[in-house]
Amino acid sequence: MPKGCWAQSSIGLNVPDYVEAIIGSSAILEADYDTAKRIASIEWSKVDSVEKIKRTSVFTYWPPFDSSTAHGDYNGRARLNGKASLMIDDVTVTDEGTYIITVSAEGLPSEEAFVDLRVLVPPSVTVGPSDPYVSSWGRAVSLTCAVRNAKPNVTNIYWQRNGALIDSKQFDTKYSGGNLRQPDLVIRHVTRGDKGVYKCIADHIVRTSSDSLSLDVLYPATIVSISDSQTVNTDDRVKFQCVAEGNPPPNITWTVNGMRVRSTTSTMTRDVRTGTVVLDRVRANATGTYVCTVSNKVGESDVKSLQLSVKASLRGHDGSTVVIWVGAIAGGLWFVICLGLVVYFIQRRRNKEDKKRFSFYYNMGRREQGRVEERFGEETLEVTRHPHLKLPSKPISPAPSGGIDTIRRTTNKGRIRRYARVLYPYHPQEGNELYLEADDVIEVLEGEDGGWCLGYLSGRIGLFPSNYVKFLSASEVSAAKLRELYDSASADGIKGSPKRSV
C-alpha cells in the first residue's frame, strides 16, 4: 500500500513516501523511471536501523545481461516487479525500515530515492487467570486481558459474556474496567447467574483478536423440597425424598433420632440431586423425626426434617376374634364366610381412610372434570370422530437446572404452593418421570409452562411435561378446598337428620 507523496529524480525516478504491509503477506515497494537512456543497473538496499550511514544490499538487477540477485535474508523472498518495483514475500517485523533504490543509466549520474516499509501486526490477546476459572459465590472476580505486539496500537477493547456485550459503564455497581484504558474486567459479588463464557476482544486496523475463558461459580447446597410428614400403619411401605441443588452437586444424608438411615442418591440435573429413603413393612420403632442434611463444602449445610408416625395395625386382632366367634357358632363354613366379610370391611375401611386423606386432590379432579371438557371444547373432540387426533408431543427442552423460582424456595415468602391438573395421560419413558392419569392434581415444585417441571404426586417426586397439564391459580385451589369442606359438612348433616320431602 504506497502512501504519501512521490519523489522524482532527474531521470524520472518516482517512489512513494512509505508502503504498508501486513505481517506474513507480500509487500511491493513501487518505483518507476522515465528516461530514454539505457539503464545499466537497478539496486535496492536497506538502511541499517542502528547505523544510519550503513546499507545492506537487498536486490540487484542488471538489464543489459537480464540478470538479478537477491542478497542475504532476502534470497528467495525478493524479486523485481514491473520496471523497478521491489516485491518482498512473507514480510516479517525485521523487514520494516527505510529502503533505497539506486538507478544507473548510460551517460547520466546514478540517481537514488528513499521509501519506508511499515509492517502492520495484529494484536495477540490472552485472558486469565485460568481456563476454566472457578470462584465461590459472593466473591469479587478479576478477569485479566493482556494485549501484546500490536502495530499500530489497538483502537478498542471490550468484553462479552456468552456473546452479549458487557457494558461496565451502565452496570458500574456490578462491573468495572474491561475497556481500552483498563483491559481487566472486575465482577463484584459473583452469583450463579454470572456463570458463563467471557471473551476479551481487541479491535485493530488489521483484524480483531480475542481470547476467552469459562467462569464457574460455586454456591452452597440448599434443599429444594422434602416429602411431607406421614402417619402410617405397621407393615406399610414408606418413601421419603429430599431434593437439593448446589455447585458442586450436594451430598445428601438422612438420619432418624441421630442415627444414619440408608438412602439412595440420584442425579436429576447437573446441580440437582435427590436422596430417597424407602422403608418396607415399617414397624412401630420406625416412628421418629427424619432429618435430611445437604452439604457441598461451600457455605453452611442446609437441614430440613419430617415426622413419621407408625400406628399398630388392628387387622391381626380383628381377624383372630372373628375366627374364634365364627368357629364357635357356625363351624368351618361360617368361618370362611365371616373371614371374607371381615377382610372386605377392613379393606373398605382402609380405602375410605386413603380416600379421605387425599380427598382434596380427588374431589378437585372429579368436580372440575365437566369444566375441563367444556373448556377444551373442540380441542377434546371424541376419538371416534377424530381418529387421527394426537396428544401433545413430549417437550424437548432440558429439565430445569437452576435460577427458577421454585415453590419450596419461596417457603419463607409465605408458603405459597402451586398445583397443576393433568389433561392427558402420560407413561414415563425414564426412571425419574411421573406416571400421569387424566385429572390427577400435581404439586408443582419447580418449573414453568413450556418445558419440564418437577412435581410431587402419590408420594413420589419426579419430572413431568408441562404441556400435559394445566397450571391452577391460587383462586382455583382455594375454591376447591372450600367446596370440599362444604360437601363434607353437608354429608355429615344428612346422616344425622331424617329425610324431608320438598
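Every residue, even glycine, has its Cβ placed from backbone N, Cα and C.
Feature annotation from TrEMBL assigns domain 'Ig-like' to 123-214 (among others).
Residues annotated as domain 'Ig-like' in TrEMBL: 220-309 (among others).
Marked as transmembrane segment by TrEMBL: 322-346.
Per TrEMBL, domain 'SH3' is recorded for 415-474. Across the domain 'SH3' (415-474), DSSP assigns 4 helix, 30 strand, 26 coil.
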Average pLDDT across the domain 'Ig-like' (220-309), rounded to a whole number:
93
With helix taken as DSSP H, G or I, strand as E or B and everything else coil, how many residues of the domain 'Ig-like' (123-214) land in each class?
3 helix, 46 strand, 43 coil
For the domain 'Ig-like' (220-309), give the DSSP counts of helix residues, strand residues and coil residues.
3 helix, 58 strand, 29 coil
